[in-house]
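All remarks here apply to the structure that follows.
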Amino acid sequence: MRPILLKGHERPLTFLKYNRDGDLLFSCAKDHTPTVWYANNGERLGTYRGHNGAVWCCDVSRDTTRLITGSADQSVKLWDCETGVQLHSFNFDSPARAVSFAEGDKLVVITTDPFMEQQSAIHVKNIEGDRSKQNSDSVLTITGPQGRINRVLWGPLNKTLISAGEDGTIRIWDAETGKCLKESDPDTGHQKVITSMSKSADGSHFITGSHDKSAKLWDTRTLTLLKTYVTERPVNAAAISPLLDHVVIGGGQEASQVTMSDRRAGKFEAKFFHKIFEEEIGGVKGHFGPINALAFNPDGRSFVSGGEDGYVRLHHFDADYFHIKM
């Protein structure tokens, strides 16, 4: 499994996202410029220019016509995927951390960081089909969680929102009233910052990664803890295979500690675990720094990792991978 190296970013990667068809890959980094690539061969297709700060997160609409990006420049921008034209900018008083389209792409949820006097918040905005009618009004604003909210997702049928962040607690919110419906159990949940959260292909469960050196699998509706994958390094990213019962987990030391050890000691490989049996089944080395982002292609036949080294590594699985038996 020889990777294809995608070199288009000058700073560390922060987020990776495939479109629903799996033919395009969108990458975000601290260099202000979200980039789109062909997913099969890693050819760079284009960039989206307009942000003035690190871009932390992105999402793409179901039909791949709209891209939304959240940035440290205190804005969330809506783009035309094909032309790269900026359609709208949602401006805030603090950095935007996470973004996610609802099913149907009529709504978007955005989280903003605590900043100066501002609390961290979750904002729900309308996305208009007609560009001329687009405005920045919030449908719902939720405040309450302490610290940054690093990730937010929509629950089934857009009825709930799932958030996770610095306080290590996962919360399920009512998407209409903003009421907190459930919180993860402090004893069985994460003990440190939750860095990543991604859903399974059918949306029935999701995986979280944390600096407590574990990743956990949760039921989307009940917030029941299903599985725990224990590793020996802080987890920055985790993803669920849409094809096999596998999860991939990546991380490494804190960025400030990286120069003090060589890449073998830093444990910068992507580790594969069996989703059901919680056992480690393999690893993929390559990055010269911590892995910050991971994503599986929707067809399950390839995955990408993005690192502190500024590279995106695209891995197409060999035939042998699909014959792994546990």
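From the backbone N, Cα and C atoms, a Cβ is placed for every residue, glycine too.
Owing to the predicted nature of the structure, the values given are computational and were not obtained by experimental measurement.
Cβ atoms under 8 Å from those of the repeat 'WD' (6-47) belong to residues 53-60, 62-64, 67, 69, 71, 73, 79, 81, 84, 255, 289, 292-299, 302, 304-314 of the same chain, restricted to positions at least 6 beyond its ends. Summarising the annotation, TrEMBL assigns repeat 'WD' to 6-47 (among others).
TrEMBL lists 48-89 (among others) with the feature repeat 'WD'. Among residues of the same chain six or more beyond the repeat 'WD' (48-89), those with a C-beta under 8 A of the stretch's C-beta atoms are 11, 14-15, 17, 19-21, 24, 26, 28-36, 95-101, 103-105, 108, 110-111, 127, 131, 134, 136, 151.
The feature repeat 'WD' is assigned by TrEMBL to 142-183 (among others). Remote same-chain residues near the repeat 'WD' (142-183) are listed as 57, 97-98, 100-104, 107, 109-111, 113-114, 119-124, 189-199, 203, 206, 208, 210, 212, 218, 220-223 (criterion: CB distance under 8 Å, separation of at least six residues from the stretch ends).
If you look up TrEMBL, you'll see 187-228 (among others) marked as repeat 'WD'. Sequence-remote contacts of a segment are chain residues at least 6 beyond its ends whose Cβ falls under 8 Å from one of its Cβ atoms, and for the repeat 'WD' (187-228) they are 147, 150-153, 155-156, 162, 164-166, 168-170, 172, 234-240, 242, 247, 249, 251, 273, 275-276, 278, 294-295, 298.
The residues of the repeat 'WD' (284-314), classed with DSSP into helix (H, G, I), strand (E, B) and coil, number 0 helix, 16 strand, 15 coil. The repeat 'WD' annotation in TrEMBL covers 284-314 (among others).
Outside the repeat 'WD' (284-314) by six or more residues, the chain places 1, 3-18, 20-22, 25, 27-29, 37, 39, 42, 196, 198, 201, 234, 236-244, 248-255, 258, 263, 266, 268-270, 272 with a CB less than 8 A from a CB of the stretch.
Shown for the repeat 'WD' (6-47): DSSP residue counts in helix, strand and coil, namely 0 helix, 21 strand, 21 coil.
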